[in-house]
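Following: one structure in structure tokens, then a few remarks.
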Amino acid sequence: MSHERSTPSSTGTDEYSPSTSTSPQFGNPHAALAVQHGPLTDLEAFCVGKSDSTFNALAGAVGGFASGVVTCPLDVIKTKLQAQGGFQGRQGASHDPAHVVYRGMLGTAKIIWREEGVRGMYRGLGPIILGYLPTWAVWFTVYGKSKEFFVQYHGNPNVVNFCSSIVAGASSTMVTNPIWVIKTRLMSQISRNSNNGVQPPWHYRSTFDAARKMYRTEGIISFYSGLTPALLGLTHVAVQFPAYEYLRRKFTGQGMGITAEGDPSSHWMGVLSASVLSKILASSATYPHEVIRTRLQTQQRSVPSASSEYAAFRGGLEGSNPHGSQAIIAKVSNAVPRYKGIITTFKTILREEGWRAFYAGMGTNMMRAVPAATTVMITYELVIRRLNRARAEGTEKSISGW
């Protein structure tokens, strides 16, 4: 691995060098501007004096919002495919082979559309938006600050990007894990009118209803289900973003967020290509941990009340083989969580469902993850470019006395 510093931008400023006005890796404010003299616009007035961290947070939040809206239906399908091995109807023992209801992207989409309609396709959109906004706002902010820190100790941009992505990913994961648990719960449940025999033992009407019921019945720990595999899943961003930065420099000659000074069409094609390729690489390498995390997040931590609507939750309780409410009550004291940690979850899934279960929904995930990542990065790059330009133009006007 080369230990040479990245090529300086055309302005003569190193890609990672600090700046009092902006960090060049997140926009090149020194590029020649054709400033139209006149009073400051609202955007220019807002941007003047704002820090890079503010811009990174705003651009990341906008990118996350756009990504959530665009890809929510595919996220629902992916979650159904990943989680279905944890459910079974009330007939049959907990060690019976998993009852497969959802098969493939199109098959799953048809079932959701037939039983729940468009609302089912956007189930969990609320927590997706609530999750993506802080996730990417925190991620890009911490990523930028971390790069400024690590470059002081290592001159290789690939090492700097790798370390920064780990720190940024850990920060955003700790902040937003409760939101993603709620999102996964909402997406994995299905309509009460469904007769496919794969009902989870809960029903949430909304994001806040889910949070209230989870806290009341399972405690605060339920909001951090799957946190360990989520943190181990930082290998995903450790692959994706260093790869993105590397490919972006190869395709465009510039680092992330730097304004193109050449042909705009070729610049954005380079950004698009880097986004797609880096996401495919990262998703292929780290997908199994997402399945394990989904199983842990959809695992209920208490025994559901006995009722005629009872459905055993394979992911929730070991030893539950109900044959009527009395059988359920009798087995409460013996019920233990089925999935207990990453290793146990891995062994359980492998033993009962085979290695293919670790790649359940991967095709759908690719069709969701690649557009999601592309939407985030393109939106981020566009917004950060516009904000930096507005700051530069506003500063120029202020100096000129407007």
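Heads up, the Cβ atoms here are built off N, Cα and C, so glycines get one too.
Bear in mind that the values here come from a model prediction, so they are computed numbers and not experimental data.
According to TrEMBL, the compositional bias 'Polar residues' annotation covers 7-26.
Annotated region 'Disordered' per TrEMBL: 1-30, in sequence order.
Summarising the annotation, TrEMBL assigns repeat 'Solcar' to 51-149 (among others). Confidence across the repeat 'Solcar' (51-149), taken as the mean pLDDT and rounded to a whole number, stands at 80.
In terms of DSSP secondary structure, the repeat 'Solcar' (156-250) contains 72 helix, 0 strand, 23 coil. As annotated by TrEMBL, repeat 'Solcar' applies to 156-250 (among others).
The repeat 'Solcar' annotation in TrEMBL covers 266-386 (among others).
Sequence annotations record features per position, and here TrEMBL assigns transmembrane segment to 120-139 (among others). Tertiary proximity for the transmembrane segment (120-139) is limited to same-chain residues at least six positions away from its ends with a CB under 8 Å from its CB atoms, namely 56-58, 60-61, 63-65, 67-69, 72-73, 75-76, 79, 109, 112-113, 168-169, 171-172, 175-176, 179-180, 182-184, 186-187, 189-191, 206-207, 210, 237, 376, 380.
Taken from TrEMBL, the feature transmembrane segment covers 159-182 (among others).
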